[in-house]
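**Q** This is the structure I want to talk about, given as structure tokens.
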Amino acid sequence: MTQDELKQQVAIAAIEYVVPDTFIGVGTGSTANFFIDELAKIKGKIKGAVASSEATAERLKDHGIPVMELNSVDELSVYIDGADEADPKLNLIKGGGGALTREKIVLAVAKQFVCIADDSKKVAVLGKFPLPIEVIPMARSYVAREVVKRFGGEPVLREGFTTDNGNVILDIHGLEITDPVAMETELNGIVGVVTNGLFAARNADIFLCGTANGVETIKA
């Protein structure tokens, strides 16, 4: 199966986790896009969706799915999103698409987090995929120095990219993240960091993993 076929497979499987007559959170990226296309087929069953990026909001609207502002919603029944890496405890690296901050905010309001990805995203230890950090532009160089001092790795500015919040992304290459919860917390304590792409303090509850033999359901 192609990677796109695996993504579509998990997108279809994720529909089972959509709770009727509730608001749901929708992530950003290629796998999330497959989910949005599937969600469109049952759009009458939900009250609406909260998007984690402008791109996701546009795709939802194109399908006629009601898009809500997060500030007008008290609770989301589920948040469904992809990942760039997932370890055995369902700690994740996300943010390859640059929407990590809004993804974390939307997730914070959700009762359940269902991660959807193909099996190429499964890893024993996080860090082979560069870890994104959203940074206030004037703090870019300072944050890069602090990251190297504390964790090693090689920070690279994501050229020509600005987040939906008007900030920049540093991608940290060459990490081996053995304690993702501690690292997530410490990174977020560096002045100038908005947030980082570790989803460990709040990890996935369920990982729907697309394989050549079908969808594997992994629970945290």
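In case you wondered, yes, glycine gets a Cβ from its N, Cα and C as well.
As listed in Swiss-Prot for this protein:
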- THR28, GLY29, SER30, THR31, ASP81, GLY82, ALA83, ASP84, LYS94, GLY95, GLY96, GLY97, LYS121: substrate binding site (BINDING)
- GLU103: active site, proton acceptor (ACT_SITE)
**Q** Other residues near the substrate site, CB within 8 A of the CB centroid of THR28, GLY29, SER30, THR31, ASP81, GLY82, ALA83, ASP84, LYS94, GLY95, GLY96, GLY97, LYS121?
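**A** Those within range, site residues removed, are GLY27, ALA32, ALA117.
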**Q** Of THR28, SER30, the binding-site residues given in the record, which has the fewest other CB atoms within 10 A of its CB?
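**A** Each of the binding-site residues THR28, SER30 was scored; lowest Cβ tally within 10 Å is SER30.
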**Q** Quick one: give me the count of other CB atoms within 10 A of the CB of LYS121 (substrate binding site).
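**A** Total other Cβ atoms inside 10 Å, all chains included: 20.
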**Q** If one looks at the chain holding LYS94 (substrate binding site), which residues at least 6 apart in sequence have a CB under 8 angstroms from its CB?
**A** ASP81, GLY82, ALA83, ASP84, LEU100, GLU103, PRO132, GLY197, PHE199
**Q** Counting only residues 6+ away in sequence within the same chain, which have a CB under 8 Å from the CB of GLY96 (substrate binding site)?
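**A** Counting only residues 6 or more apart in sequence, the Cβ neighbours of GLY96 (substrate binding site) under 8 Å are GLY29, ASP84, PHE129, PRO132, GLY197.
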**Q** What is the total of other Cβ atoms whose distance to the Cβ of ALA83 (substrate binding site) is within 10 Å?
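**A** Summing over all protein chains shown, ALA83 (substrate binding site) has 26 other Cβ atoms within 10 Å.
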**Q** For the substrate site as recorded (THR28, GLY29, SER30, THR31, ASP81, GLY82, ALA83, ASP84, LYS94, GLY95, GLY96, GLY97, LYS121), determine the largest distance between any two Cα atoms, in Å, rounded to the nearest integer.
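**A** 16 Å is the greatest Cα spacing among the residues binding substrate.
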**Q** Just how many other Cβ atoms lie inside 10 Å of the Cβ on the residue listed as 'active site, proton acceptor'?
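**A** Other Cβ atoms within 10 Å of the residue listed as 'active site, proton acceptor': 28.
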**Q** Give the helix, strand or coil assignment DSSP yields for LYS121 (substrate binding site).
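**A** Helix, per DSSP.
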